[in-house]
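Just below is one structure, and these are the notes that go with it.
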Amino acid sequence: MTEAALHLEGRREQLHTHVPDAAVSGAVHAEGQQHPIKLYLVVWGWLFVLSTFSYLVDYFGLQGYLRWSLILLFMVLKAGLIVAVFMHMAWERLALSYAILLPPVLVLVFVAIMVFESEYTHLIRVLFFAAPT
Amino acid sequence: MAETALTNPEKSPAQSAGWKGIAADWSSDQRAFKNVSWGKAMMWIFLLSDTFIFSCFLLSYMTARMSTTVPWPNPSEVFALEIAGHHIPLILIAIMTFVLISSSGTMAMAVNFGYRRDRVKTAVLMLVTAALGATFVGMQAFEWTKLIMEGVRPWENPWGAAQFGSSFFMITGFHGTHVTFGVIFLVAIARKVWRGDFDHGRRGFFTSRKGNYEIVEIMGLYWHFVDLVWVFIFAFFYLW
């Protein structure tokens, strides 16, 4: 979308100005998010397929790194689809997306800290509190 | 939303994209979130805070599970069911997952029909979503009952580490509460949509302001978040 067009649009519409990204998808009108129903059905189908896959990981009793990488892969794909399409994050401006999506990344630091901490606790428990055999 | 004092179209000329856009949106005295009403922005910020709450629950569960020297009960076996003589592992949780994902699908379509001002379809889809949510809570109640009958308590269980019970009741209980509130929220908004509040500009009971169909999307954000949290609980609590 050109600058001139944006200027014109910006004056006419009060709240829902055209988002450049959404203009590319060609589906956003003055009133909120407009996408074809088919998009939601396709995502819905994928969520079903991915859930089935993660259930099958348990059903077939896969273990070790294979189990973990598959579970995390399916989890991240499902979460991504829900946030991007169902919650329309893919069509929001980056200022909002980054404000919401970046802070949870810091939780990973917390995870790393607690992994070290729990391994230390586990070691201490094994050394000093394990039942005498 | 024309009456919203925060809207100031005169001062928002061309909006740039990418990193330049982020700097421009956040700098100087202005609204940071363009094109997003305060209601939607606040729902996102609430969901961010809720993300941290559930992260803390899952983290404390991870810490308890990694640091205990007692074997952890095998969720695949604990949540197995006998159906027609077959022993199927984790089947109840799988069905609950599909029910919740389906409710997310109907919610997404309700948002879509809301913006097309299709009053009846929006309300019906929201009620279907609420019904699926209530089904989910019902299955969770069944699951809790089954486990309590088998002797699972927050302080002990027959199969291993005591923290299994406390983590389970805390995490699924908090999630189930979210689903329950979501169902109430859904029914309340569906009633407004059905009545045509957003077509006739009827003023809200508490706010005395006119609503619009964006509330369906805001409601949808909450509902999809509940589904999102379940994705993580499913992966970390049930599949670990």
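Here the Cβ of each residue, glycine as well, is placed from N, Cα and C on the backbone.
Just so it is clear, the model here is predicted, and its values are computed rather than measured.
The transmembrane segment annotation in TrEMBL covers B:41-64 (among others).
Annotation source TrEMBL lists domain 'Heme-copper oxidase subunit III family profile' at B:43-240.
Annotation source TrEMBL lists transmembrane segment at B:84-111 (among others). Proximity of distant same-chain residues to the transmembrane segment (B:84-111), defined by a Cβ-Cβ separation under 8 Å and at least 6 residues beyond the stretch ends, is recorded for 75-77, 121-122, 125-126, 128-129, 132-133, 135-136, 139-140, 142-143, 179, 216-217, 219-220, 223-224, 226-227, 230, 234, 238.
Listed as Cβ neighbours of the transmembrane segment (B:123-142) (distance under 8 Å, sequence separation of 6 or more from its ends, same chain) are residues 92, 95-96, 99-100, 102-103, 106-107, 109-110, 113, 172, 176, 179-180, 182-183, 186-187, 189-191, 193-194, 216, 219, 223, 226. Residues or ranges marked as transmembrane segment in TrEMBL: B:123-142 (among others).
Tertiary proximity for the transmembrane segment (B:162-194) is limited to same-chain residues at least six positions away from its ends with a CB under 8 Å from its CB atoms, namely 50, 53-54, 57-58, 60-61, 64-65, 68, 70, 72-73, 100, 114, 119-120, 122-123, 126-127, 129-130, 133-134, 136-137, 140, 143-144, 147, 152-156, 211, 213, 215-216, 219, 222-223, 226, 229-230, 233, 237. Annotation source TrEMBL lists transmembrane segment at B:162-194 (among others).
As annotated by TrEMBL, transmembrane segment applies to B:215-239 (among others).
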